[in-house]
């Protein structure tokens, strides 16, 4: 007789347990066990989370275990319920241990097959039963995870009408769902904005805004309130605020931005000239051409306005970054003056307000929604359609897809849908939003070595934008460090499973994955530079690094500070009610207040940014993997090394931040989530 010790682990999450009977069958290369009811004198293991041990006895050794079969059946008078086992560990009579990762909901009476968890590529499979199990899993997956087109010209998305249409294993946990719905439902109330959310009145003065804002503050939002008018803070935000992706070094002025020496000479400290500063690399450009010519929204039956500014920034001798010229629309004209710091207080302040509002539109739709959320969904759907659970790439990347499909489904339903908050209350909502996203998709590139800007590879992007040596650029410093840590980890894991370039070329599942991403995520556009196939190990390492960095560090950098910098509305207006000024010398405080969004629009914007910046109670930090997908000792050690490097880096970030007036925390591994989950 051969005795197998079976340890069944129920995942430690709310509602994971079951009251149904659970049965198991062990399948090996030499045979299979009888279907065995898992019960013991200690009681039914599935009444609580944790683990329980059972014996499965066979008349002979089953040989190398290939898979297990699990099913559960309701007790008489009890309903069918849901169970979330994490893994099954089997100790064989030969004293070997086999682990079967599960990490999914079992909600029916059907028999479910789970493979032994050692990572295997298709070409490694020698057992016909294992190959059959792999094929069966992928057939089910391609039926469950289907591509859809939300709007023409957008990246592909998951086909589902509501969260309940999603496969159960990728839905929010009970804890996450409860907290998210509560937060969304009570945001206006918790921010003490209930009396303001439907108001169509203008703000009477800045003090009135302060009274509302004072109830809901962070360290950085307080700083923004105090310093929002200052040129130094304006410039700082383009290095370390919510949108650090637009600024680039300028060596030659654009033809449509006719700034002259006389205009900016008072702003160039000392005896320098504009030409000399351009040649020295001290002039930077913000170009919002993505917003040019767009139709602005109508909010509360009132036409709204957007600008498409061009901004020159100057690195001062004391290493501050300040604006020195602003043109609010792309085409030079008499009614499109270039605003300067030497203009009147409200001329200059109003010009900066239009830039900050334009930045809100560009940030939310291109930098945040497209370049993190929608791409994360592309990576996730392609992974789930093409990679079985035993594939090493599945094991490496599945933690970085957690909740992404449901959060994007909710975004399409409640933020950018026809009745969504963004559509209703942002200047770029509706028709403008769709066009911005189409333009942004068309500008996406993979590597700036061969293309200009907007690279998904951070080191290439920093180089292309000429930001290698700009001081006080914490997004760059922390992002490059985080990129390097992720890259080393990915390189070790990938190189463990792929010993040669030929193994990469022969892995059809890997090739199908990247082709799916190219076809559905980047709409088969070769100009993006996205690979259509992989030929070498370094190519795989680079792309997988892009995936993990985009879903973790990059998303944190452009998401987590939304309320910090946008909670104080005058610093980042969601919309503007008056057109950009066409002449100088006529703007006053009253002009500014009439231009800022009305009270209700402000309240809606504040509550949405607060919701999107709020960390979930079941947050999983970068590098923490509660689900044990890897079985082999080497990759487990690589994960431990990865976690150690992240911890050391986090300590470095905290030490630096202790000496900064505005701490930069968004790339601190301790607060970076593993996936796009909010």
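Start at 1 and count along the chain as shown; that gives each residue its number.
Positions of Cβ are set from backbone N, Cα and C atoms, glycine also.
The feature domain 'PLAT' is assigned by TrEMBL to 2-120. As annotated by TrEMBL, Ca(2+) binding site applies to 81, 82. For 105, the entry in TrEMBL reads site 'Essential for stabilizing binding to COTL1'. Annotation comment: TrEMBL describes 120-678 as domain 'Lipoxygenase'. The annotation Fe cation binding site is assigned in TrEMBL to 368, 373, 555, 678.
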When the pLDDT values for the domain 'Lipoxygenase' (120-678) are averaged, what is the result? 93
Neighbour count check, CB within 10 A, over binding-site residues 81, 555, 678; minimum at 81
How many Å lie between the Cα of residue 82 (Ca(2+) binding site) and the Cα of residue 555 (Fe cation binding site)? 32
Compare the Cα of residue 105 (site 'Essential for stabilizing binding to COTL1') against each of the binding-site residues 368, 555, 678 and report the nearest. 678
DSSP assigns the residues of the domain 'PLAT' (2-120) as 3 helix, 57 strand, 59 coil
List only the single closest residue to residue 81 (Ca(2+) binding site), chosen from the binding-site residues 373, 555, 678 by CA-CA distance. 678
Excluding 368, 373, 555, 678 themselves, which residues in that chain have a Cβ inside 8 Å of the centre of the Cβ atoms defining the Fe cation site? 369, 372, 376, 407, 558, 559, 612, 676
What are the sequence-distant neighbours of residue 368 (Fe cation binding site), meaning same chain, six or more residues apart, C-beta distance under 8 angstroms? 242, 558, 559
Local Cβ density at residue 82 (Ca(2+) binding site) - other Cβ atoms counted within 10 Å: 15
Taking the Cβ of residue 373 (Fe cation binding site) as the centre, count every other Cβ atom within 10 Å, in any protein chain shown. 24
